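Worksheet: one structure, shown below.
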Amino acid sequence: MGCCGSAERTKREWRPLEDRSCTDLPWFLLFTVFCVGMGSICGFTIATGGAARLIFGYDSYGNTCGRRNERIEGVQLSGLDHTDRKFVFFLDPCNIDIVQRKIKSMALCVSLCPPEELKTHQDLKRFAMTNGSELCSYELPAHRYPALLERFSRCPKLPVPRSKPLPLFNRCTPVDVSCYARFAEAVVTFVGDSSVLHRLIAGVAASKEIIVGLCVLALALSMVLMVIIRYISAVLVWILTSLVVLGSLAGTSVLWWLYIDHRLYANDTSSKDPKEAKQEAPEGQRDGGQALLVYAAAATIFTIILLLLMLFMRKRVALTIALFHVAGKVFIHLPLLTLQPFITFLALLLFWVYWILVLLFLGTTGNPEQNEETGLTEFRLTGSLQYLTWYHAVGLVWISEFILACQQMTVAGAVVTYYFTRDKNRLPVTPILSSVLRLVRYHLGTVAKGSFIITLVKIPRLILMYVHNQLKGRENVCARCLLKSCICCLWCLEKCLNYLNQNAYAATAINSTSFCTSARDAFVILVENALRVATINAVGDFVLFLGKVLIMTCTAFAGVLLLNYQRDYAEWLLPLIIVCLFSFLVAHCFLSIFEIVVDVLFLCFAIDTKYNDGTPGKEFFMDKALMEFVESSRRLERAGGRGRSRVKEAASEGAEMKPMAPGTSSA
């Protein structure tokens with residue numbers, strides 16, 4: 001038996017795009033059950049009133065606004081009929097808990113939000129008698145507001161600001177939000193001066209059209225770069241290689257120059273009187289000379305190793321350039337690949353909105369409890385229901401990874417179709433759509449299994465990061481170092497598994513095998529081509545990083561030119577930061593698709609060269625650019641073989657013509 005119960009074959013037979021069958025069906029069923037559980041949590045919050053309390057709002061006595069309520073045992077003023085009171089009104093909307101990020105004020109259900117400022121209790125009475133909207137606690141009669149002693153604790157803080165109902169959530173929100181400035185400053189902790197915050201926000205508001213235009217420019221530049229990068233990849237790669245070599249040589253030369261200069265200075269001082277030299281050359285200076293020698297020797301060793309690596313891996317660098325060239329052709333033949341980042345982002349955005357909404361529902365679901373500190377009624381999950389939040393949190397990670405894995409499988413399927421189609425003019429009309437249909441019909445279980453493995457690594461890392469943040473400043477040095485080491489190790493493991501998963505999806509797209517079988521086969525191929533993999537990842541990733549930086553700098557430069565008309569240069573800061581972050585994010589999303597295409601192309605190329613040799617019946621599937629690379633590699637190998645054979649022939653001829661020893665000659 002193979003990995004995880006898969007049947008192990010004696011010999012892997014790669015059959016691209018043939019014998020398609022369902023893979024990892026139990027994992028698809030498990031993921032389906034898990035998603036049903038996620039939906040059940042949403043249904044539970046709706047059935048128990050949590051969703052209604054969030055949308056319609058509820059007062060401090062547990063009554064839902066706009067509805068007839070049932071009495072809550074032990075809570076006075078509960079069970080009231082609030083059919084005509086549809087809005088939530090806070091007695092002191094500016095009383096905000098900075099730590100918990102919520103309003104601590106008493107809340108009431110009212111029929112109308114005050115449309116004008118109310119400065120006295122007489123104004124409160126007039127507003128209640130005129131509009132029927134009582135802004136003090138329910139037990140206080142409106143006509144006695146000015147005379148009651150409870151008006152200072154059970155009535156709103158004066159003056160009552162003019163407010164409007166918040167759309168959809170029915171909360172009375174002050175029109176002038178200046179009282180929330182302290183809350184905003186607590187959220188944006190890097191801003192200490194409220195005037196700076198106001199100026200930055202004003203700069204964003206004044207430049208919103210420019211920001212939108214620059215974001216569109218970043219999208220256009222990313223799409224253009226994905227097509228033209230195949231023309232500039234060779235230049236970028238060799239410039240990068242030259243800079244690395246020259247930088248290492250320059251650094252080594254500077255270190256040796258510093259060491260020689262230090263020795264010359266030491267010799268000059270030693271030629272003086274020994275006592276004076278000893279006083280002028282302290283112990284630290286002598287240690288500095290030894291340190292420089294160590295640094296220079298280490299830099300020399302590093303430079304020699306680097307030069308040898310460049311010498312032996314130059315052919316593999318040429319393979320990286322060829323793969324970039326073919327990847328550019330893929331995007332020309334499959335233009336719908338450029339829509340993958342949009343589709344994935346839209347799917348993630350919709351899921352995250354749903355997830356946050358259900359999380360808010362959970363915050364207003366549960367049993368009513370009175371807060372001992374404030375006396376207000378709150379709803380909390382108790383007992384086994386508390387695990388619903390943890391289940392919901394696991395769903396966030398697993399389903400997000402599942403969506404990303406679906407993108408990888410879709411791209412891999414389309415690239416595999418492109419690579420293993422000999423006549424590119426006979427490609428399917430929509431290879432992307434065909435790949436999506438194959439994914440939905442056959443391989444959702446494989447994607448669910450791969451994303452679950454990533455989830456098993458990511459969740460412990462997130463928990464350790466949370467513990468580290470909670471204990472910051474209170475743990476000892478050893479515990480802090482241990483936590484950081486564990487977080488770093490889990491991060492590295494997650495990156496390795498992500499790369500292996502991506503290649504496993506490509507192997508599944510080729511052979512329609514289960515996840516474990518595909519991962520094993522892909523791992524064998526990658527190990528057999530370890531040096532090529534290292535070169536492609538090192539050189540290719542850096543070239544793509546340069547592409548991201550190029551898009552960000554071009555967008556930022558255009559932003560500086562467009563914002564130049566504003567004389568207050570302090571207002572440039574936040575718009576430029578937003579534009580730079582968005583442009584880098586967009587470039588990362590698009591070039592990540594390009595990186596996936598390159599990795600899948602390399603796996604297909606490695607399989608192609610392993611099982612085919614170009615002879616009749618075993619013709620290559622590869623593109624012309626990759627074929628040229630293979631032919632040049634073969635020519636170099638033949639030339640090297642002829643050189644080695646000539647050396648052997650010369651050595652054998654020399655042995656045959658060697659004169660006989662004097663003692664063996666005939667008389």
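Every residue, even glycine, has its Cβ placed from backbone N, Cα and C.
Keep in mind that TrEMBL annotations are predicted by a computer and have not been checked by a curator.
Looking up the ranges 265-295, 637-667 in TrEMBL, the one annotated as region 'Disordered' turns out to be 637-667.
Two recorded stretches are said to be in contact when at least 3 C-beta pairs lie under 8 angstroms, sequence spacing 6 or more; the transmembrane segment (390-420) and the transmembrane segment (572-605) meet this definition.
The stretch in closest packing with the transmembrane segment (210-229), judged by the count of Cβ pairs under 8 Å and taken from 236-259, 292-312, 342-362, 542-566, 572-605, is 572-605. Within the same chain, residues 241, 244-245, 248-249, 251-252, 255-256, 258-259, 262 sit at least 6 positions outside the transmembrane segment (292-312) and bring their C-beta atoms closer than 8 Å to a C-beta of that stretch. The stretch in 25-47, 342-362, 542-566, 572-605 that contributes the largest number of Cβ pairs under 8 Å to the transmembrane segment (236-259) is 542-566. Three or more CB pairs closer than 8 A are found between the transmembrane segment (542-566) and the transmembrane segment (572-605), so contact between the two stretches is assigned (pairs 6 or more residues apart). Sequence-distant contacts of the transmembrane segment (342-362) (same chain, six or more residues past either end, CB-CB distance under 8 Å): 38, 41-42, 45-46, 50-51, 54, 381, 388-389, 392, 395-396, 399-400, 403-404, 406-407, 589.
Remote same-chain partners of the transmembrane segment (572-605), defined as residues 6 or more beyond its termini with a Cβ less than 8 Å from a stretch Cβ, comprise 200-201, 203-204, 207, 210-211, 214-215, 217-219, 221-223, 225-226, 229, 319, 323-324, 326-327, 330-331, 337-338, 340-341, 344-345, 407-408, 411-412, 415-416, 419-420, 499, 502-503, 506-507, 510, 522, 525-526, 529, 532-533, 536, 540-541, 544, 547-548, 551-552, 555-556, 559-560, 563, 566, 621-622, 626.
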